[in-house]
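Engineer: Relevant sequence annotations retrieved from TrEMBL are reproduced here:
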type    : residues             : note
DOMAIN  : 77-177               : domain 'Fe2OG dioxygenase'
BINDING : His95, Asp97, His158 : Fe cation binding site
BINDING : Arg168               : 2-oxoglutarate binding site
Amino acid sequence: MIIIDNLLDADQVEQYRAALADVPFNDGKATAMGMAAGVKNNGQADAQHATVQALANNLLASLGNHPQVVSAALPQRIFPPCFNRYSESQTYGYHVDAAIMRIPNTPDVLRSDMSMTVFLSSPSDYEGGELVIQTGFGEQKVKGNLGSAVLYPSSSLHKVTPVTRGERIAAITWMQSMISDQTIRESLYELDQSIQSLVQGGKANREELDKLHHVYHNLIRKFSIV
Ligand SMILES: O=C(O)CCC(=O)C(=O)O
Ligand SMILES: [Fe+2]
């Protein structure tokens, strides 16, 4: 599970929120697949609405350009982000995201390798509404800061606990990674982050950095499916 701070700055979140205020939200059950529909109780912004599509495209561009997102997910395809809302007493019980998703208005499908929530509400705006993710080390709870995002393996069971006060608004999306194996993807992320911190530290010698880059790219060459 990876937290990305300030994926969007406060002004950007403000713009998203202002735009979403004028958009119709539908019952989230309509877009849930299979078992998930039975436990989904939230609202979802109408994905056919021009404003929602513009916001989705805007966020898609921010994701595709974000070094930490690219490093962690090595995305090949990103689902157009959806915008959801949990009002008081709304919740989304434990579920697993569909493995294969049809990308709306295209002939393409996407295998969900990583799921993402971008927090468009400040944690002080609501009580409850925690994203809870089951991991091999127990349940992890996330209530992200305004504009931050959490990226987690789509293979994990997860839920959003009931909002008991206020309103929680978020953007969600899924990514198909060029690296389908989670363990290899995580190792590549750690390797890349270490290389980046060596570069930023300014002390590593050029030849050693070249060798590390070489290894990193050759591992991607070996394990990527594109
Ligand atoms: O609202 C969230 O943070 C997660 C929503 C979710 O799990 C989903 O829509 O599949
Ligand atoms: Fe989910």
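Any Cβ shown, glycine's included, is placed from N, Cα and C.
TrEMBL: automatically predicted annotations, no manual curation.
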Engineer: How many neighbouring Cβ atoms, not counting its own, are there within 10 Å of the Cβ of Arg168 (2-oxoglutarate binding site)?
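Structural biologist: So the number of other Cβ atoms within 10 Å of Arg168 (2-oxoglutarate binding site) is 27.
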Engineer: I'm trying to understand the geometry here, so how far is the Cα atom of His158 (Fe cation binding site) from the Cα atom of the residue listed as '2-oxoglutarate binding site', in Å to the nearest whole number?
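Structural biologist: That comes out at 17 Å between the alpha carbons.
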Engineer: Give me the sequence-ordered set of same-chain residues, not including His95, Asp97, His158, with a C-beta within 8 angstroms of the centroid of the Fe cation site's C-beta atoms.
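Structural biologist: My list of surrounding residues reads Ala36, Tyr92, Tyr94, Val96, Ser115, Ser154, Ser156, Leu157, Lys159.
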Engineer: Tell me, by DSSP, whether His95 (Fe cation binding site) is helix, strand or coil?
Structural biologist: strand
Engineer: For the domain 'Fe2OG dioxygenase' (77-177), give the DSSP counts of helix residues, strand residues and coil residues.
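Structural biologist: Per DSSP, the residues of the domain 'Fe2OG dioxygenase' (77-177) fall into 3 helix, 59 strand, 39 coil.
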Engineer: Which residue, out of the binding-site residues His95, His158, shows the minimum number of other Cβ atoms inside 10 Å of its Cβ in this structure?
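Structural biologist: With the binding-site residues His95, His158, fewest surrounding Cβ atoms within 10 Å: His95.
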